[in-house]
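Shown next, in structure tokens, is the structure this report addresses.
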Amino acid sequence: MVAKLIVFLLIFTYFGLAGSKDLNELKDLLYLSHYGPDNPYDSRIFPCHFEYCLVGVELSFQPKSITGFVMETGILSLTGKISLSWVDENIGEWMIGSEHSSITEMILPEDYLWLPTITVYNTVKEFKMISDPSHKVRILPISGTGTQSPIEWVTTLITDIPCVINVKYYPFDEQTCEIVFTPWGYNVSEVYLYTADDVLNTAQYEVNEEWTMEAGAASNYSVDGISYLKYEFKLKRKYLWFFINMVAPIILLSMLTAFVNMIPVDCGERLTFLLTIFLGLAFYMDMVQRTIPRTSNPMPFISFYLTGMVYLNSFAIIINIFLMRIYNKDPDSTVPVAVRCFIATLTWRWCCPKKVKPDPDAVQPIETDKEHTIPVETITLAPMERIDWRTTGIALDILFFYVFTFMHVLCSILFLVPLSQGAIYNI
């Protein structure tokens, strides 16, 4: 067993050293073949040896996944793949008409060749060149009768970028994001970026549990003599979880405020009922505020709706406190004339007088003889007759039931209907 292990280690060491030796020879071959021993290739030197020359770098970005999206700050954490290609004129001349022209393609570490200093211009992390020492650079074969060898470099990107947050239709919202690349340290007359993509390529995008990505336009431009390449995309929220666990409970909870006046006042549970609704609305308001940025430009419709429902619930608490005082007034005390007039108007007594039967214990039927009895006729009350405090409380309960129902419907029309438009657009 020990002998086999020793043989294995010897073989592994031999091939490892051989591979390292071949790589060093290849590096020396690259460094010395073009300029010669006195002027070797240097990866720090610009890959164009004319006085006025321009290196065009073709860049293609493919997003891979969203690793996080902090709505409070608008920071999107994104991973993806970047493919770059350009021409190194120095290597191109070495590959043509030399004793090494039979070598058509090579794969080298990053530090062996000149690389464009591509950076994410709008990153919120450390501002540095996109690079990974573990990735290789590929020198491709020269096509046709050309004299320049293209370089291809594929690397990965992990970055954080800001997005423009718009929570107006939350949770049926969509966010606009963009990622901007630039060759840091070079002006547009030296290195310019371009892409063959008309839109962002999302073929390798992995499905996110909360967001759907929609590709946007890709464009290159220059500002102050610097070349930029911008990819735009949109993120649409998957709203089903938020609708079931947030929007629907808020609507149902706010509807209960109108029904508080249907609870009999004698059970003494009206204020408890309203306070429970108030605490529920406060809980959902806190939930919404913890998931969206604290901004007023624009505020989400659901925040307006929640605030309106909290105000309506507070108003209902105040009204029911006064109604409970009305119900508990002395039954023998006289209701003010103005209150009786209002209640008579509210109950339509002016145009539809109320008719009641007299108390059978206080009024006896008139007997003319043993066979005929004259029944007591129904009494028509005056508009403000027999309006006591309990009658006043019952009438006000009915009135405020309709008032709270109307206010709830009005808030729903003002805030939830525009919210539904965002939902239709997001479907």
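We number each residue from 1, going along the chain as drawn.
Backbone N, Cα and C atoms are what each Cβ position is placed from, and that goes for glycine too.
What TrEMBL says about a protein is an automatic prediction, not a curated fact.
The domain 'Neurotransmitter-gated ion-channel ligand-binding' feature in TrEMBL is assigned to 40-239.
For 247-363, the entry in TrEMBL reads domain 'Neurotransmitter-gated ion-channel transmembrane'.
Annotation source TrEMBL lists signal peptide at 1-20.
Below 8 angstroms of C-beta separation, residues 171-172, 273-274, 277, 280-281, 284, 287-288, 302, 305-306, 309, 312-313, 316, 401, 404-405, 408, 411-412, 416, 419, 423, 426 of the same chain, each at least six residues beyond the ends of the transmembrane segment (239-259), sit close to that stretch. The transmembrane segment feature in TrEMBL is assigned to 239-259 (among others).
Using a Cβ-Cβ cut-off under 8 Å and counting only residues 6 or more beyond its ends in the same chain, the transmembrane segment (271-289) has close neighbours at 170, 246, 249-250, 253-254, 256-257, 260, 263, 300, 302-303, 306-307, 309-310, 313-314, 316-317, 320-321, 324. Taken from TrEMBL, the feature transmembrane segment covers 271-289 (among others).
What TrEMBL records for 301-323 (among others) is transmembrane segment. Within its own chain, the transmembrane segment (301-323) has Cβ neighbours under 8 Å at 168-171, 246-247, 250, 253-254, 257, 260-261, 265, 270-271, 274-275, 277-278, 281-282, 284-285, 288-289, 292, 393, 396-397, 400, 404, 407-408, 411-412, 414-416, 418-419, 422, counting only residues six or more beyond its boundaries.
What TrEMBL lists as transmembrane segment is 394-417 (among others).
Here the domain 'Neurotransmitter-gated ion-channel transmembrane' (247-363) is broken down by DSSP into helix, strand and coil counts: 78 helix, 2 strand, 37 coil. In this model, the domain 'Neurotransmitter-gated ion-channel ligand-binding' (40-239) carries an average pLDDT of 83.
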